[in-house]
Amino acid sequence: MNHIPFFKKKKVEGLSNKIIIQLRNEYVVLVSETSRQIRANDHHGNAMKEFADNRISTSKYNLITFLPKNLFEQFRRLANAYFLFIMCLQFIPQISSLTPGTSIAPLAVVLSLTAIKDAIDDIRRHRSDRQINNRETKTVVGHELVTRKWKEIKVGDIVRLENNESITADIVLISTSEPNGLCFIETAELDGETNLKIRQALDETCNLEDHIDQLSNFDGEIECEAPNNKLGRFEGNLIWKGKKFQLKNDNILLRGARLKNTQWAFVVCYAGQDTKIMKNSGKAKFKRTKIDHLLNRIILGIFLFLLIMCTIMTICSGFWESFVGYHFRIYIPWETYLSSNQQFGALEISLLTFLSYVIILHTVVPISLYVSIEIIRLIQSKLIDWDNKMYYEPTNVQAQARITTLNEELGQIQYIFSDKTGTLTQNIMTFNKCSIRGKLYGYVIDEAGNEIQDLEKLKPIEFEEKNNDFEWYDKKLLDAIEQNDKDVYNFFTLLSLCHTVMSEEKNGKIIYQAQSPDDNALVSASRTFGFTFMGRTESSITVRFGNKEETYDLLEILDFDNDRKRMSVIVKKHGKIILYCKGADFKIKECLDPSEKKIMAVTNEHLYKLATDGLRTLGLAYKELSESDYNRWTQKLHAA
């Protein structure tokens, strides 16, 4: 905090990224955080900068703030504020004919039930926070790995992540168990996508691998932007050994993601509680349903009706006291605090009568309705928890109502905004039909030459490689495989090689992890037909065709992107260099040789038929390259 005299006002106004506050005759300049500098393994230096720790809190209350905050939220409901007003009026003996207990008891019941329900919801949040904060991970301390809880992780710590482990904080990737510092993450908790995404460490740091001595001596300094809520962007630099290396979003792992298909990864924590997922979540808010808003409007209408009735009766009382009641003072004298003047005394009596009628008629607002609604919500939330029909067996997950105030909002959908398939659906794809060099497979024809529409009446073909999620009925494709059809062989070879799928062996069975459901469906179907993808390294792909295992030299991978709308691999086998490509059918058409026009005309008819059946289509193609063509193209690629 800097104190700047009043006469430096013009200079202060020119400053950027600062909050200027005038106190008496001075300006106080509070510098906001626009960037962050962190040094790995420098616990003392990072502690001096007072970065937030890694402890999270999503709860709304604690023991001290529960009562005032909860009562404040509850009295924002008009009915509660109304009954509080009535209760205050009942403490005035001049206007109340009822004891205050008639309002205190029901209001206390309503407030207590709601407070208990809110307390239960917040206790669940505290338990969830405690469970997350007490998760354990391994950090580099000195020259050894030490197990620590998540809440004890500090900015600048080097953390070791294991396969399938949730990511501790927003972290910069240093090294992994995979070649070139690659790793795969699942971001379902961040963006809802279960497809794997690739992240990569810098070439300069991936050589550190899992050498604890070198990692404990790593003193790289990270300069990066201040914590923000933008999930798709990161800007920063790593300064190490006197050199500066640019950090991008591909070098960052965000809290909420999960490490997949990577045995281990070492990372530097750069933001604790200020993670992007926490920046996006915000503070827990008191949520109100449409029924709450509707009841507020109804209560407001009833209250206006009550005011109109009380006003009419007040006017009538004023007239009666002025012209009739005033003459009965001999028998029923007015109270001593009233004016003896006829007009003023009648006016005072009518005003007191107004408040008396408000108390007498306050029951037109049904407080029992709120008691019933709160009890019904609590019971409904328990029925959701106990409903066996809402149990998901594959993951052994039972439905859980995390908050009891939003039950009636379930299913009340007015608008749907969706970017693509998979956001609102499971996005599970299967291999259904294919067209190979003008021959269509997947449709079953009866003896009369007609297509059989209802395939469920037929028995699916049994394969040696069992796949419970895949069913096939057309024997023509299996016959073509048995006859060693060259086109069919090339088709399944392409499916086995042209992808970015990673394989992992569990319990003697190969499990595939793919970035997209398309790749997973195609590679799994290829395995079912006997063309099995076994695994990959940085420079090779291993497949098994039948009982024969083959290894292809992997020369290049051109990943899928939105501009090319296709992906390609270039492999080498027995001295032949082959380009395999798959992608959007219209993009593949543009790349075909003019000699393929006849085949393309037949294939277009097949594409139309498949699209009419509601199937998603994909184009496949390959080309054999000469050594000179490949070398010339490689030079252009590396130059680019």
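Glycine is treated like the rest: Cβ placed from N, Cα and C.
The domain 'P-type ATPase N-terminal' feature in TrEMBL is assigned to 38-104. Feature annotation from TrEMBL assigns domain 'P-type ATPase A' to 134-277. As annotated by TrEMBL, transmembrane segment applies to 294-320, 349-373. Residues annotated as ATP binding site in TrEMBL: Asp419, Lys420, Thr421, Phe560, Lys582, Arg616. According to TrEMBL, the Mg(2+) binding site annotation covers Asp419, Thr421. As annotated by TrEMBL, active site, 4-aspartylphosphate intermediate applies to Asp419.
This view paints the features noted in TrEMBL onto the structure.
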{"residue": "Phe560", "record": "ATP binding site", "Cβ neighbours (10 Å)": "19"}
{"residue": "Lys582", "record": "ATP binding site", "Cβ neighbours (10 Å)": "24"}
{"residue": "Arg616", "record": "ATP binding site", "Cβ neighbours (10 Å)": "11"}
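This prediction places the mean pLDDT of the domain 'P-type ATPase N-terminal' (38-104) at 84. Nonlocal intrachain contacts for the transmembrane segment (349-373), taken as residues 6+ away from its ends with a CB within less than 8 angstroms of a stretch CB, comprise 77, 79-80, 82-83, 86, 89-90, 92, 94-98, 103, 106-107, 109-110, 113, 291, 295, 299, 302-303, 305-306, 309-311, 313-315, 317-318, 321, 325, 334, 338.
Across the domain 'P-type ATPase N-terminal' (38-104), DSSP helix (H, G, I), strand (E, B) and coil residues number 32 helix, 2 strand, 33 coil.
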